[in-house]
Amino acid sequence: MWRVPVLLLVLGGAGLRVPAAGASTVRPDDIIPGVEDSVVTPGTEDSVVTPGAEDNVVTDGATEEPYESGLTPLVTKNTESVTDLHLEDGPTQESTVHAKEESQSTTTLNVVTSHSREKVGEDTETTVEKDGLATVTLVGIIVGVLLAIGFIGGIIIVVARKMSGRYSP
């Protein structure tokens, strides 16, 4: 009676070990100074400075001088002010900071942000929406996988009972 669940556990676990073996994590301790790693900075090609397609921020190319920890900084050094701003693009850090810094000037930018202002009575409430889509998607994937495993396990149990002759509908 207990053989079928153990068999399902072993077979199901073997199917999950193969994809998990391919996953790897890189810690800062694992990176050897002077050795090229697989980290790619978007917006740079052949050490030429190009504006980033997503955030309109200029990123520097790879430098020859190693830093103390052997890692290159992830903070960009140069930023450009954007005059051709597409409103259908998502909000970026540079565009919201730019709007806050130049709030003293007479011209203001109409920037799409994830902040919504709701006027209730005479009070103005500002709500900040976090990216909850990733969490909902992850929970949906986990629930879907668990349901699929249960469904397939039920089919295997029904087939095993039918083959043993103990199945009576």
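The backbone N, Cα and C atoms fix where each Cβ goes, glycine too.
Source: prediction; values computed, not measured.
Positions annotated as signal peptide by Swiss-Prot: 1-22. Summarising the annotation, Swiss-Prot assigns topological domain 'Extracellular' to 23-138. What Swiss-Prot records for T25, S38, T44, T59, T63, T72, T79, T83, T92, T107, T113, T127 (among others) is O-linked glycosylation site. Annotated region 'Disordered' per Swiss-Prot: 37-69, in sequence order. The annotation transmembrane segment is assigned in Swiss-Prot to 139-159. Taken from Swiss-Prot, the feature region 'Requires for dimerization and lipid rafts association' covers 140-144, and the record attributes it to similarity to another entry. Taken from Swiss-Prot, the feature topological domain 'Cytoplasmic' applies to 160-169.
In the predicted model, the topological domain 'Cytoplasmic' (160-169) shows an average pLDDT of 78. Taking DSSP states H, G and I as helix and E and B as strand, the region 'Requires for dimerization and lipid rafts association' (140-144) has 5 helix, 0 strand, 0 coil.
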